[in-house]
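Reviewing the structure listed below.
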Amino acid sequence: MMRPVVVKEKRVNESQIHAVEDEVRQAKTMDRDIVTHAMKQSFAKLNPKVMIKNPIMFVVEIGFIITLILSFLPSSSSSVPGWFNITVSLILLFTVLFANFAEALAEGRGKAQADSLKQSKKDVFANVVKENGDIVQVSATDLRKGDIVIVKQGEMIPNDGEVIKGLASVDESAITGESAPVIKEAGGDFCSVTGGTMVVSDEITIVITSNPGESFIDKMISLVEGAARQKTPNEIALNTVLTSLTLIFLIVVVTLPIFTNYLGFQIDTAVLVALLVCLIPTTIGGLLSAIGIAGMDRVTKFNVLAMSGKAVEAAGDINTIILDKTGTITFGNRMAHTLLPVGNETIEQVGKWAAISSVLDETPEGRSVIEYVQTKSISYNREIAEQGEFVPFKAETRMSGVDLQDGTKVRKGAVGAVIEWVQSQGGMIPKDVNQKADLISKEGGTPLVVAVDNRIYGLIYLKDTVKPGMRERFEQLRQMGIKTVMCTGDNPLTAATIAKEAGVDEFVAECKPEDKIAVIKAEQDKGKLVAMTGDGTNDAPALAQADVGLAMNSGTTAAKEAANMIDLDSNPTKIIEVVGIGKQLLMTRGALTTFSIANDIAKYFAIIPAMFTLAIPQMEALNIMKLTSPLSAILSALIFNAVIIPLLIPLAMKGIAYKPMSSNALLSRNLLIYGLGGVIVPFIGIKVIDMIVGLFI
């Protein structure tokens, strides 16, 4: 009997292995295609109209053109051999190509994602309901905002919209990558649907909320392709500083011949070009665009759609995070934690009636009561409950239960509501009911009273469990200097208990959606940058007010339009990871800038002695690396300057490993690694290259 089972398992495992192998092969093929395309784009980007957008690399390209021209214009006054000019020009060409390759590679990853998104934008037709009730089939491209469309099982949702009738399971894997379908229904915060997703069961009627070219997928394609990418304020500021440095060094190099003529010797033009390229920050200049694009790419890979690079950078500077309790800090499903009998009742009696009141209750709380009673092996008569008439929970009554066929009425619900119900039937209230209810509230739980007719048997302790690891994550945020504020509709007692258990810094109890705006503004008035999550229409104003607003993809259109980031997985806790990605982006840019500028120190010690030693013998003292000759020193510095760019591409694309710590500790760590390392690595690299170059000249 066991053999068929074993064979079946083996086949399943083999098919899974083959599927994984296919995915790996596809990923490798995609990577090869991206690299091949990036190599082609490296040459296409040599167009001066494109290069001028990066002033640093544009200067290098001009240097390449000058030295290339000099290679074909022999001069009797030149102090360097003819091959030197062509060698310098080739090194400068590869320097520009490597920088272009870094940018094209980052862009290529985005375009690959865009291509996969375009797969969902096939020729889709929609069943439009006209004003007279007729149903007409039209192309999705002809849909306009306000059109009413019916989508049946197996059909593609033609454009973004909101469900106004019906309920259906929707496959959103084309957008989110998650294979499990999600429920979409009319009303509430889960009525929003996205064009390109598919209805897998039932039928829904939707109202279109976007015109062609304005849909969610259109925005995603535009963003990941980089068409809508604008440089962030920090990126612009850094680019301005680097361009200013380049201009200063350009003036220095251009005026240098005046100084050397005064000393009685001349410097060859190719050497001056080499000096300029070694002086300007070419490393960070060549990688700056790639770092920004890769930062957006990392967020996208995390299934978060950032509406701009500014939003990602702002996430890295966040000081305060506003978090909802339910679904973010806690699981959001209150589960039966324990049973508390009152008066002279027993736990078996409480469990029996609690279970009977919950047999027909399909809510998570009702299911958890049944599961708890079963785990405690408490017996109850399920059959009499199933034969009874279920009384659903209502906001007015604040309780639910079942009316049995023999006339017995079983109820469970809010303390005050059940006490009032029992008293209306002439029942007496045990003295310890309120005492035990307060005890449950103090521990952060929710008390439900169980009563049968005019008699209270006890309480159900419902507990909304804090998600595992939240305290540790909040501690990491605290180390990063980020304050966490929990907003909840719970009473202050329950809120304080949950806040203490989770480890948040502050909490706001009995918080209404409009109160969140006040909390955000109060933090911003202190000069803080604030992040928050939300999914409902009532969250939209606060999402718009926050510096980083992360909306859930399952939420309303209003929430997604107000936010500057959208989480495709609809996981509110992801805001913590988004902050980490933002900090990683800022750190990567800062660290590579530090490394690039520190690099120049070693290049100075290589190229400056090589230029001036013949005229000023005392400059030989600066040749601390003992390089072979002036020409080999210049070429070695240029070669290192070129090859360091492709060597740093993986770091620019992946980002620097980020560990939560204080700003001062982070600064010290990066200065040690990328500042000191930026000085040491070029000394070693230039010396090794010089030893190799010295063998050929």
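Each residue, glycine too, has its Cβ placed from N, Cα and C.
According to Swiss-Prot, the feature active site, 4-aspartylphosphate intermediate maps to Asp324, an assignment based on sequence analysis. Under DSSP, Asp324 (active site, 4-aspartylphosphate intermediate) is assigned to a strand (E or B) in the three-state scheme.
The feature ATP binding site is assigned by Swiss-Prot to Asp361, Glu365, Phe393, Lys394, Ala395, Glu396, Thr397, Arg398, Met399, Ser400, Lys412. According to DSSP, Phe393 (ATP binding site) sits in a coil region rather than a helix or strand.
Taken from Swiss-Prot, the feature Mg(2+) binding site covers Asp535, Asp539, and the record attributes it to sequence analysis. A simple way to gauge crowding: the CB of Asp539 (Mg(2+) binding site) has 27 other CB atoms within 10 angstroms, across all the protein chains here. Asp539 (Mg(2+) binding site) falls within a helical segment according to DSSP.
Proximity of distant same-chain residues to the transmembrane segment (55-75), defined by a Cβ-Cβ separation under 8 Å and at least 6 residues beyond the stretch ends, is recorded for 46, 48, 82, 85-86, 88-89, 92-93, 95-96, 99-100, 239, 242-243, 246, 250, 269-270, 273, 276-277, 280-282, 285-286. Look at Swiss-Prot and you will find 55-75 (among others) tagged as transmembrane segment.
Panel annotation: around the transmembrane segment (82-102), residues 38-39, 41-43, 45-46, 51, 54, 57, 60-61, 63-64, 67-68, 70-71, 74, 270, 273-274, 277, 282, 285-287, 289-290, 631, 634-635, 638-639, 641-643, 645-646, 649, 652 of the same chain, lying at least six beyond its termini, place a Cβ under 8 Å from a Cβ of the stretch. Feature annotation from Swiss-Prot assigns transmembrane segment to 82-102 (among others).
According to Swiss-Prot, the feature transmembrane segment maps to 245-265 (among others), an assignment based on sequence analysis. Counting residues 6+ beyond its ends, the transmembrane segment (245-265) has Cβ neighbours under 8 Å at 55-56, 59, 272, 275-276, 279-281, 285, 614-616 in the same chain.
The transmembrane segment annotation in Swiss-Prot covers 271-291 (among others), and the record cites sequence analysis as its basis.
What Swiss-Prot records for 605-625 (among others) is transmembrane segment, and it gives sequence analysis as the kind of evidence. Sequence-distant contacts of the transmembrane segment (605-625) (same chain, at least 6 residues past either end, Cβ-Cβ under 8 Å): 260, 263-265, 267, 271, 274-275, 278, 631, 633-634, 636-637, 683, 686-687, 690.
Residues or ranges marked as transmembrane segment by Swiss-Prot: 633-653 (among others). With a threshold of 8 Å between CB atoms, the same-chain residues lying at least 6 positions outside the transmembrane segment (633-653) that come near it are 84, 87-88, 91-92, 94-95, 98-99, 101-102, 105-106, 109, 271, 274, 277-278, 282-283, 286-287, 290-291, 294, 297, 588, 592, 595, 599, 603, 606-607, 609-611, 623, 627, 682, 685-687, 689-690, 693, 697.
Residues or ranges marked as transmembrane segment in Swiss-Prot: 677-697 (among others).
Cβ neighbours within 10 Å of Lys412 (ATP binding site), excluding its own Cβ and spanning all shown chains: 26. By a simple count of nearby Cβ atoms, those within 10 Å, the most crowded of the binding-site residues Phe393, Thr397, Met399, Asp535 is Asp535. Of all the recorded positions listed here (Asp324, Phe393, Met399, Lys412), Asp324 has the Cα closest to the Cα of Asp539 (Mg(2+) binding site). The Cβ of Asp361 (ATP binding site) lies under 8 Å from the Cβ of Arg367, Val369, Phe390, Phe393, Ser400, each of which sits 6+ residues away along the same chain. Per Cα geometry, Asp535 is the residue among the binding-site residues Thr397, Met399, Asp535 nearest to Asp324 (active site, 4-aspartylphosphate intermediate). For Met399 (ATP binding site) paired with Asp535 (Mg(2+) binding site), the C-alpha to C-alpha distance reads 28 Å.
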